[in-house]
Amino acid sequence: MKAGTGPLLSTLLGLLFLSIQGTGGVNPGVVARITDKGLAYAAKEGLVALQRELYKITLPDFSGDFKIKAVGRGQYEFHSLEIQNCELRGSSLKLLPGQGLSLAISDSSIGVRGKWKVRKSFLKLHGSFDLDVKGVTISVDLLLGMDPSGRPTVSASGCSSRICDLDVHISGNVGWLLNLFHNQIESKLQKVLENKVCEMIQKSVTSDLQPYLQTLPVTAEIDNVLGIDYSLVAAPQAKAQVLDVMFKGEIFNRNHRSPVATPTPTMSLPEDSKQMVYFAISDYAFNIASRVYHQAGYLNFSITDDMLPHDSGIRLNTKAFRPFTPQIYKKYPDMKLELLGTVVSAPILNVSPGNLSLAPQMEIEGFVILPTSAREPVFRLGVVTNVFASLTFNNSKVTGMLHPDKAQVRLIESKVGMFNVNLFQAFLNYYLLNSLYPDVNAELAQGFPLPLPRHIQLHDLDFQIRKDFLYLGANVQYMRV
């Protein structure tokens with residue numbers, strides 16, 4: 001992206017502004033809200049961007065004929081006008097309820113340097129001049145919308161630029177030329193500058209800011225099974241105190257996307273304003289992910305002998321399994337075993353103040369591998385456990401880790417007689433804690449991507465667990481390139 005007014009709005013606007021409730025009965029699955037502090041930061045970044053753009057303004061030459069009593073007739077030209085310096089001092093970015101944002105800049109100045117030349121008969125004079133443009137004020141409305149792909153849009157409207165005073169210094173001590181400038185050039189140049197400033201803002205919004213907002217992802221990959229839909233539910237909404245934008249935050253199977261039957265619940269955000277932006281992620285997003293994993297069979301697992309550590313005191317064959325069920329070796333001598341774990345239903349993430357937990361229910365079925373390679377079921381067990389989750393937010397992702405309690409095992413069915421449930425429970429807990437959960441945590445460490453546009457980082461993170469949603473406050477930094 002070119003250096004432009006991109007940081008102005010995109011610093012925050014592109015930063016996933018979501019709202020508390022969507023339109024048409026559709027609620028967002030992820031929520032963020034921008035505060036006055038966030039808008040103030042955007043305005044500050046906007047000044048830096050606008051100052052860079054002001055230097056790119058090209059000014060026309062001014063020429064014509066003159067007739068001055070003491071001098072006579074001749075031709076003049078003020079040319080090679082360039083902006084040498086500019087200082088934008090006061091800025092504010094305010095909410096424009098129902099439309100978007102209003103940017104105002106005041107008490108600013110611009111310095112212009114150029115050359116002049118005069119021709120009268122065979123006489124030619126030339127020199128330079130400096131122009132101090134004082135009391136510059138700029139105001140423009142930034143209207144927010146949504147395109148068909150679900151990305152935010154922005155357009156400039158009602159731009160106004162005003163100049164309070166122009167102070168010119170002309171080399172050569174030619175007072176009549178100074179008077180000529182005031183009489184014939186000053187008002188024209190003032191109007192040109194005012195128009196050029198608004199043209200620059202319009203161009204920057206169209207060429208820099210709008211394309212930058214298009215870098216906001218509509219979908220993002222979570223892993224080889226899951227994706228997340230970050231398209232807008234409705235156009236960004238400016239309210240009296242906050243700027244809200246609504247994203248679906250809908251998890252889907254990347255290989256087979258189907259409509260989500262369960263509507264997204266409504267979230268109620270607290271009225272916080274200490275940080276620039278606040279995010280909320282509904283437990284809906286995590287529970288849809290759990291459902292997709294379950295439907296895809298991703299939560300099921302199998303345990304074979306080659307998956308056990310080499311130094312394990314227990315092997316998955318009928319001889320080593322005699323302490324669990326003595327009859328198995330008599331009925332199936334010297335045969336291998338396989339354990340197949342199935343999650344009965346998609347685990348539900350319980351989100352309550354200060355707590356994240358789930359209670360998956362599983363069944364584990366034991367199979368004997370016959371000499372024909374066929375599998376014959378010999379026992380079936382029910383397993384329940386409580387798992388606590390911890391989440392970590394960095395500047396672009398949400399990562400997680402599971403902390404399981406001990407699994408509780410019960411016998412559902414045995415085709416090989418007596419079964420030592422307590423001994424199997426100890427074996428299963430050893431495997432889960434040392435093999436299965438570390439693998440799951442390695443996957444969770446890959447992270448849940450936040451819908452951030454380019455060059456945006458979050459810091460000063462404050463994470464809270466609320467009822468039915470996760471809540472994150474953050475400050476924002478735009479990384480200039």
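Keep in mind that glycine also has a Cβ here, set from the backbone N, Cα and C atoms.
The disulfide bond recorded by Swiss-Prot for CYS159 reaches one of CYS164, CYS198; that cysteine is CYS198. Here the Cα atom of CYS198 (disulfide bond) is found 61 Å from that of ASN300 (N-linked glycosylation site).
A separation of roughly 59 Å, to the nearest angstrom, links the Cα atoms of ASN300 (N-linked glycosylation site) and CYS159 (disulfide bond). According to its DSSP assignment, CYS159 (disulfide bond) is in a strand.
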